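Student: Straight from TrEMBL, here's the annotation block:
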REGION    1-48  region 'Disordered'
DOMAIN    84-172  domain 'S1 motif'
DOMAIN    188-259  domain 'S1 motif'
DOMAIN    282-347  domain 'S1 motif'
DOMAIN    366-437  domain 'S1 motif'
DOMAIN    454-523  domain 'S1 motif'
DOMAIN    543-612  domain 'S1 motif'
DOMAIN    637-708  domain 'S1 motif'
DOMAIN    730-799  domain 'S1 motif'
REGION    1002-1021  region 'Disordered'
DOMAIN    1037-1122  domain 'S1 motif'
DOMAIN    1150-1223  domain 'S1 motif'
DOMAIN    1231-1299  domain 'S1 motif'
DOMAIN    1325-1397  domain 'S1 motif'
REGION    1396-1524  region 'Disordered'
COMPBIAS  1418-1435  compositional bias 'Basic and acidic residues'
COMPBIAS  1443-1459  compositional bias 'Basic and acidic residues'
COMPBIAS  1468-1489  compositional bias 'Basic and acidic residues'
REGION    1543-1584  region 'Disordered'
COMPBIAS  1573-1584  compositional bias 'Basic and acidic residues'
Amino acid sequence: MATLEESFPRGGAKKTHKSEKSSQQAVEQDNLFDISPEEESIKRKKKIQKGPAKTKKLKLEKTETIKSLKEKLEILTVESLCEGMRILGCVKEVNELELAISLPNGLQGFVQVTEICDAYTKQLNEQVAQEEPLKDLPSLPELFFPGMLVRCVVSSVGITERGKKIIKLSLNPRNVNKVLSAEALKPGMLLTGTVSSLEDHGYLVDIGIGGTRAFLPVQKAQEGIRQKNRGAKLKVGQYLTCLVEEVKSNGAVVSLSAGHSDISSAFATEDQSWTLNNLLPGLVVKAQVQKVTPFGLKLNFLTFFTGLVDFMHLEPKKIGTYSPNQTVRACVLCIHPRTRAVRLSLRPVFLQPGRPLTRLSCQHLGAVLDDVPVQGFFRNAGVTFRLKDGALAYVRLSHLSDSKKSCNPEAFTPGSTHKCRIIDYSQMDELALLSLRRSVIEAQFLRYHDINIGAVVKGTVLTVKPFGILVKVGEQMRGLVPPMHLADVLMKNPEKKYHAGDEVKCRVLLCDPEAKKLVMTLKNTLVTSKLPAITCYEDAKAGLQTHGVIVKVKDYGCIVKFYNDVQGLVPRHELSAQYIPDPEKVFYTGQVVKVTVLNCEPSKERMLLSFRLLNDPEPQNESIGHAQKKGRVINIGQLVDVKVIEKTKDGLQVAVLPHNIPAFLPTPHLSDHVANGPLLHHWLQAGDTLHRVLCLSQSEKHVLLCRKPALVSTVEGGQDPKSFSEIQPGMLLIGFVKNIKDYGVFVQFPSGLSGLAPKAIMSDKFVTTPSDHFVEGQTVVAKVTNVDEEKQRMLLSLRLSDCHLGTSASTSLLLLSQCLEELQGVRSLMSSRDSVLIQTLAEMTPGMVLDLTVKEVLGDGSVVFSGGPVPDLVLRASRYHREGQEVESGQKRKVVILNVDMLKLEVHVSLRQELVNRKAKKLRKGSEHKATVQHLEESFAVASLVETGHLVAFSLTSHLNDTFRFDSEKLQVGQGVSLTLKTTEPGVTGLLLAVEGPAAKRTMRTARRDSETADDNEDEDAALVVGSKKKHTLTLGDMVTGTVKSVKATHVVVTLEDGIVGCIHASNVLDDVPVGTSPTSTLKVGKTVTARVIGGRDVKTYKFLPISHPRFIQTILELSVRPSELEGSHTALDTYSVSPVEKIKQYQAGQTVTCFLKKYNVIKKWLEVDVAPDVRGRIPLLLTSLSFKVLKHPDKKFQIGQALRATVVGPDSRKAFLCLSLIGPHKLEPGEVAMGRVVKVTPNEGLTVSFPFGKVGTVSVFHISDSYSEAPLEDFVSQKVVRCYVLSAAGDTLTLSLRSSRTNPETKSKIEDPEINSVQDIKEGQLLRGYVRSVQQSGVLLGLGPSVVGWAQHSHVSQSSTPKKELYHHYLPEGRLLTAKILRVNHQKNLVELSLLPGDTGKPDVFSASPELPLGKPEARRGEAEERDQKGEEKKKRKRKDQKGQREVKLPSQKKEPQGSRGKKPGKRECQERAREQEIVNKRPKEACVPEEDDSGVEVYYREGEDELEEPKVLPKGGLTKPAEVPRLQLSSGFLWDVGLDSLTPALPPRGESSDSEEDEQPQQATQKKSKKEKELEKQKAEKELSRIEEALMDPGRQPESADDFDRLVLSSPNSSILWLQYMAFHLQATEIEKARAVAERALKTISFREEQEKLNVWVALLNLENMYGSQESLTKVFERAVQYNEPLKVFLQLADIYTKSEKFKEAGELYNRMLKRFRQEKTVWIKYGAFVLRRNQPGASHRVLQRALECLPTKEHVDVIAKFAQLEFQLGDAERAKAIFENMLSTYPKRTDVWSVYIDMTIKHSSQKEVRDIFERVIHLSLAPKRMKFFFKRYLDYEKQHGTEKDVQAVKAKALEYVEAKSSVLED
């Protein structure tokens, strides 16, 4: 037992040196409360001995024996523990990841979760690897419980960050039972282990002994399971105390028992062969008392072993009764591995193994006790006290007083009383621990359980961290103050206010004693608040006011948190008495607020709060009164002027003038138009003033304003009810949408009243979702349907049928005018900006014509232009507005502006010719016109008049509530509409204003000529794509066998061997295909077919590849199963030797082919067909049939996959398609009948019809029908299909007829009005019908045929003697159908004279007034006619009659008209007549006075063989046209009726213009009539100019001056990085960064992938650009891409250089560090970094870099790297250090001539001549090879020749000679 001295060095009487004492005191200062085990052990360390035995003193024999035993019996301390010590413990606390274990003598240790057992640790690792919890893995609280006794091993004794000692333990059986071996196992042994796996009949138990398999049968485990596991099965990791029942195979197999009774009665006996080496804690032994001392007992057990029992572990009831040789039962507590010292316990709780401890805590823990008597004092241990219940308690030395110095031992004589506090309880010792420290006794809280939520506590700041402040609030208790709670406002630098050691007053927000979590606040408002604290939802009573903290601010309101994580919601409407548009601007997270509880549901943990304090009205009244005193209050409904202060996300913060009262104007309230609100918000800026703004609501802090014109005018007119009593059902009110719910819309009115519009009466249309129909803030008109005054509620209707404010036309015009007026206001705001771009945009208006340059054509077909007034201006034309024109970059084009997008700063333009070349024509207000929609905005559309091309705006809505359109109702660009003009001058907006007519008059958009998109793309079969990834070895002509996988209409997919896919086209199935059948239907899925390979198609491009192509092995095979192919010689598809365009040219026009229908293209109106796999064709719909029925429903006639016999019309040169026809050759020769499509309807003149392939023809009104009608063109609209007969094909334009006598001669229909093609067709006396051409002063001109005009003198027109001139225009409008009698025909002079008199014609007088058509109200009649227009076919006759009458009585003619128009056109007409060498016959000599209308005074006018273009080119003189027609179209040169362009007359100027326009007209006529010589001169001049430009461009010395020049250069040298970089620099000079970036990206795409260096140059330039002009983010993105596409090292080095050059040293350093990690084996990187460091004047750092480089680089590189660093030192650093490096290296490598050479070079550059000569002298005396010596002698000689004298040169030569002689003599020897 002598070794006990080592383990227990400090005995009772042994004196302690001063230094030891002080160190002990320092340790004792540690807090008792700390859960850390070291605390507890330190406490015990001081308790050297305790004297319960003192009560009854025993006789002792010798003092020295007592001293030595005293030392041996010293209680356990942390110092006395060592690694590997086996010790019994009790589970004190179970956490998720560790166990706290109570150890004997008040010590405490910890077991980590990984120290339970190996099986449990393995499952934990699996869980971590899977990153999700395992189902069958139990947690520590499921495996362990407090009070459980466990055998532990000390794994380590460490020190925490705060300097306290911590004991780490292990429960792993591998460590606990390590001292046992398989051979040592005996039956009856009591072992501990853990369940390692669950088996069918029991459990495998890990007992930690190698080579032993322990099994616990289910039967033997049942009792233990019932006791410990509540009947549940044992789990992996479960801790068990088991009895060894049987040992087999020398310990290899062990059977265990967990029976409770067996275990509790188990003893360790001598038979079990226990030794001091393998003795385990927890074993119960029988022992004899050997010695009794005041400090404990010495026992003898298991015959040979002795152990000690300290005073804490004597049986309490038997203290003082022990005597030597007494037999006792004892439990082994611990065994020291080195000293073999054993400690035991006699306490009864340990004498029944397997049973947990029952007493786990002291009931009065934390109680302060007065007058507790001292039981005994121990100088080095502490003091024992006797509590009132007789139990013993103990105070450690460190807890006797607040400081060691103030501790007086004399105060603790037995019997003296003291005030103390119970602070802890030791389970293993069953002992209460006390403290006499005043600070502990007076402490507010001892444990977390003592702290109440909401309590104010004092504490000391421990530390300030980013996550908050840690505050010490008691012994071993710390709380956290989160950053949000450091002060009432958010603090950025809390460390400036709080410092470690500061005393602070906090309030507890949350306390969780189990988790030891304490959260507090330092917010002064909360700490000092006198209001009740809400700590649970039950505390929150309605009406309670308290303080809280905002933790979230959302659109719907604020979430406020109180104590104990109780929180509630303040809805948006409860945030303030006024409307708060953006809560995030008003409130912030962490804000302390005072709230009122509105409602609380504790069961649901829900609480509703309000910031509108219910009992706090006084301050509000005071402030209002104060404002009133100053006259600064604003009343609801008042109109004010405001000044914009600031823009927010939801509106404008404004100041109401003149007193600058703050207010808010939401964005939706800026305009009645939803789209204009954001636009005005965008362009208004701080300082702008707005007038006539309405106050909607006001309160003390908040004024809400509205600028909606509709609401302002309502309030001004006094039409806004102020209370519910004023409101009556049926009233119409104007308000705005306040809120939208699923069940309806809430509408608020200016006075603040509001009502609900339910979903059912929200719209005349079906409402699915209310938010589709209305948006918040939208202005609406509401009709009151129901009022409930008591509940202050009303129901509203928003249906258009209920809310009419006037006619739809007037409302529509008002909305449009208002919208455009607001847009004009935005333009004025823009024009005041500094930006030239914005000012230019403000000046641009629709209708302006610009000359622009095409910049690029985008993929969607739209065109982007440049060359506008400002460089950055974006102008674009959509695909529709490109009008199918071929445009290329650089082309100059005329465009017209359609609209300016003032938000995106873009200009929408059009290239359409009818818009660019507008016709000058006088328009009449109120006239109805056909128009085409050109551009759509949200609230209005821009259209162009069909006749003139003028741009017109019309509103898309006819009412404020009219905002919803079904898709079928929405207008589309290109759609035709009927408009009624309301203005005839464009005004400042550049647009005419109009109102749309009925939706029934809309026509569908014309077919787009510009789109050729969908046709090119084949819909490839998915099966082909999937199967195409396989490679094959087949070639053309091979026979293959496969299985049909899928059958499509035009092809069959076949799967061959190895998954190869092939395709059989419909043309390769049968040799003879019957028309109308589908060949592919003969093959069925699953059928096996034999086929021949005839080609291979590329997977990506779908093009056929030649067999020599490297990708042929990956192609989709084209196969044929035609019998002729399989039997005879096959023909491979020749798809690669000629282009597809040339391939189709092999087909001749008129050739018949069999084709297979692929699909019907509805948009393009053609059938897409396949002739062969590689030959495609198109059949225009008009060439499929001559039957209207087929053309109307082609899908019924033609089926997909059907075989068709078609005639080749010709190839389409632009696309690789054959043009085919199903109705024979399409030649359009005279006499042929063909189907065409109407493209234009020209009133009073006829139709323009288009045919496939661009042919155009015209139909005169005389050829519309065999029977003339009053409105011959009424039934014709654009895109209508017509059957035409070709009369003449001379020139570019065909002359056509629609007469059924021509198109269907077999029907032999009656010809009421014969064709009159020349004067020869007319006979005198014949009655003919014709159309009025014009009314002249000499008479009336009547058109009798396309080119035949008759003349009726006034005397032959009417029986009235002198009819007024106005009557002519009333009753004889242009186009009126009249019957005339032929009086005379002069064939020589082409003269036809007519009579319209009733006596001659048998018809009523042309001037007889119809009684049913009064003259007064043309508008009303027009409306009637329009109504009748809607009705059925049976009413057509009456309709025409009405229209005829209407035509006769329209507007009265203006008197100025003949006068103003006289003389305008005779010169022109004569000019044309002369040019055509026409004979003019004039019967009367008044040629000069003839009006301009149709011809120069010709009474009878006939032109043989000429077309009829000239007469129709007349302005309408009298009356308006019928409602079904648009006004007459002035023809542009694009509308070809005549043979030549020269014959066209220009459009007439509007009537009533001054004679200036006449004079202006003349030069234009002159330009149109240039002679042949002038044209030739112009042509020569243009060619000279062109050649001059070409020569300038070909000049090799010419420097590029524009983007176009650079584009040409890079086209010629696409791989030259220099050119690309110059192009970038060109843009950068103009500060066009984005363009420079775009050039770089183009370069990277263009430069060939083989030109790596060229590409790298561009990447470096791009990196430079981003470094100079971009952000760090953009630079990083470019860098990452560059690394991806180039050698990474090169890119890294380049970027490092860029950073260094731009002096971004920090970024450069970080980049080098990245490089050193990634390229550590590259010496270049180390050298570059060394140079970088030296340039930064960091020589020490360069040395460290060199050391690191040598560690990383391979040895063979070391010399080179050292030499490079030495060179760098010479150049950038210290020359002396460089020399030292060279010298050091040369001493290691003396024969490295390369190093010598570099050294010499550096020395020559940087050192004196003497130093250079010294080195040369050293070199020439080295023993090197003669060749190398020669090199150095030569260098020495050269140096002396350059720097030395002749003498020096001779000296070197002498030395060389000496060396040679010495060498030769050696050789001779």
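All positions are counted from 1 along the displayed chain.
Note that Cβ sites are derived from N, Cα and C of the backbone, with glycine treated the same way.
TrEMBL annotations: computationally assigned, not manually curated.
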Student: State, in range form, which of 637-708, 730-799, 1150-1223 has the highest count of Cβ pairs under 8 Å to the domain 'S1 motif' (1037-1122).
Tutor: 1150-1223
Student: Given the cut-off of 8 Å on Cβ pairs that are 6 or more apart in sequence, determine whether the domain 'S1 motif' (366-437) and the domain 'S1 motif' (84-172) share at least 3 such pairs.
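Tutor: Yes, the stretches contact each other.
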Student: What does the DSSP secondary structure composition of the domain 'S1 motif' (84-172) look like, as residue counts for helix, strand and coil?
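Tutor: Result for the domain 'S1 motif' (84-172), in helix, strand, coil order: 23 helix, 36 strand, 30 coil.
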Student: Mean pLDDT across the domain 'S1 motif' (543-612), rounded to an integer, is what?
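Tutor: Taking every residue in the domain 'S1 motif' (543-612) and averaging pLDDT yields 90.
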Student: How do the residues of the domain 'S1 motif' (1150-1223) split into helix, strand and coil according to DSSP?
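Tutor: Output for the domain 'S1 motif' (1150-1223) reads 12 helix, 38 strand, 24 coil.
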Student: Using DSSP, how many residues of the domain 'S1 motif' (454-523) fall into helix, strand and coil, respectively?
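Tutor: Output for the domain 'S1 motif' (454-523) reads 6 helix, 37 strand, 27 coil.
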Student: So, by DSSP, how many helix, strand and coil residues make up the domain 'S1 motif' (282-347)?
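Tutor: Secondary-structure breakdown of the domain 'S1 motif' (282-347): 6 helix, 35 strand, 25 coil.
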